[in-house]
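Database features (TrEMBL):
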- 1-26: signal peptide (SIGNAL)
- 32-338: domain 'Plant heme peroxidase family profile' (DOMAIN)
- R57: site 'Transition state stabilizer' (SITE)
- H61: active site, proton acceptor (ACT_SITE)
- D62, V65, G67, D69, S71, E86: Ca(2+) 1 binding site (BINDING)
- C63-C68: disulfide bond (DISULFID)
- C114-C334: disulfide bond (DISULFID)
- H188: heme b binding site (BINDING)
- D244, D267: Ca(2+) 2 binding site (BINDING)
Amino acid sequence: MKLTRAVAGAAVLSLCVLLAVQPAAAAAAGGNVEGTVREEVQKAIKADPGVGPALIRLVFHDCWVNGCDGSVLLDTTPSNSSSGVEKAAANNIGLRGFELIDAIKAKLGDAVSCADIVVLAGRDAAAILSRGRITYALKTGRRDGVVSSAAAADATLPQSTFEVSQLKGNFAKKNFTTEELVVLSGAHAVGVSHLSSFKDRLNAATATPIDPSYAAALARDVEALKGQQNTTDPTERFNIRDMDAGFRNASGFDATGVNTTAVGVLDNSFYHATLQNMVLLKSDWVLRTDGEASGSLSDFRDDAAKWEAEFAAAMVKLSNLPAEGTRFEIRKSCRSTN
Ligand code: HEM
């Protein structure tokens, strides 16, 4: 009798404990989502540093087209074959990181949307690549869309051959200022670009002003990369900081204020390079040609902390672009609708 009572008491007690910890457990589960994403991103960047820049770009390419809805991850949709989805868009050349998103999704299951995973992973990549200097909080609760269109991605994402007025107009459509355009372009401090995205800069007939010594060093390097990568369209590192000393010296790069040992680090070195005409993309260089944008370029070159803070704020704004559309779900696989 006594024993039974004790057991019953224990059962009631454990039920109370269970109820009491329920909200805390739910909060911990929320914490685990962010912890799991961070852990997976950390592991992946350790194994392949190129994944970091890829994740930051994924945030832009997902959220710019239809808002943050995971649409960039779809391999097909009910209304589109693989040739018609965002991944197939010309402007999405080189987009990568999908396997890591899949791996994170496999760990988190149905409770978390693919759209949330994209922005959380991008946030962690920015924190890791900036060595902890770019951090920001994000809300979760995004839902996944069911539409993904290559044509929409090509119509919506900016192109590397855009003039500054087109870049400004593209950002204004999403309610982003010229300053935010300049801030976010600083992401091109990290990662790579295909030759086809900057070949206009190496052709005298189409070139926008580019430092001639840098252009010559770049042309030589690109030829070597074609052999190394066994392709006519190799990928080149964006940042002259990340090139070896031979390349930097041949270009006459003035590294004052740039930490040349911080290879692969997300910092304000993009602005040092742009203001010396030593950047790959026309769309990066043309920021110099706009009065408003060029003022921001020198501000961010001269004040790393200001750029880091503004980059974090602009990434939050980007990660919060609301999903457009009428049908949403939490996808089971990030690559297909349920
Ligand atoms: C302003 C207009 C922009 C244009 C025209 C542009 C264009 C490009 C192009 C052409 C590439 C190289 C693609 C290739 O050939 O492989 C690239 C890569 C990249 N972009 Fe942008 N981009 C812009 C804005 C942004 C923004 C807002 C972000 C993020 C905040 C971003 C982050 C990146 C990153 C990190 C890479 C390297 C990706 C990797 O290494 O896998 N870009 N971008």
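The count begins at 1 with the first shown residue.
Keep in mind that glycine also has a Cβ here, set from the backbone N, Cα and C atoms.
Just so you know, TrEMBL annotations are computer predictions that nobody has curated.
Features recorded in TrEMBL, as mapped to the structure shown.
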residue : record                       : Cβ neighbours (10 Å)
H61     : active site, proton acceptor : 20
D62     : Ca(2+) 1 binding site        : 32
C63     : disulfide bond               : 28
V65     : Ca(2+) 1 binding site        : 28
G67     : Ca(2+) 1 binding site        : 18
E86     : Ca(2+) 1 binding site        : 28
C114    : disulfide bond               : 30
H188    : heme b binding site          : 22
D244    : Ca(2+) 2 binding site        : 11
C334    : disulfide bond               : 22
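Taking R57, C63, D69 as the candidate recorded positions, the subset whose CB lies under 6 angstroms from any atom of ligand 1 consists of R57. Neighbouring residues of the recorded Ca(2+) 1 site, listed in sequence order and excluding D62, V65, G67, D69, S71, E86, comprise H61, C63, W64, N66, C68, G70, V72, A115, G145, S148, A153, A323 (Cβ within 8 Å of the Cβ centroid). Considering only the recorded positions H61, C68, C114, H188, D267, the residues lying within 10 A of E86 (Ca(2+) 1 binding site) on a C-alpha to C-alpha basis are H61. Other Cβ atoms within 10 Å of the Cβ of C68 (disulfide bond) number 27 in total over all chains. Sparsest Cβ environment among the binding-site residues D69, D267 (other Cβ atoms counted within 10 Å): D267. Rounded to the nearest whole angstrom, the C-alpha distance between G67 (Ca(2+) 1 binding site) and H61 (active site, proton acceptor) is 9. Around the Cβ of R57 (site 'Transition state stabilizer'), the number of neighbouring Cβ atoms within 10 Å comes to 22. S71 (Ca(2+) 1 binding site) has a Cβ environment of 30 other Cβ atoms inside 10 Å. In this structure, the CA atom of C334 (disulfide bond) is 38 Å away from the CA atom of D244 (Ca(2+) 2 binding site).
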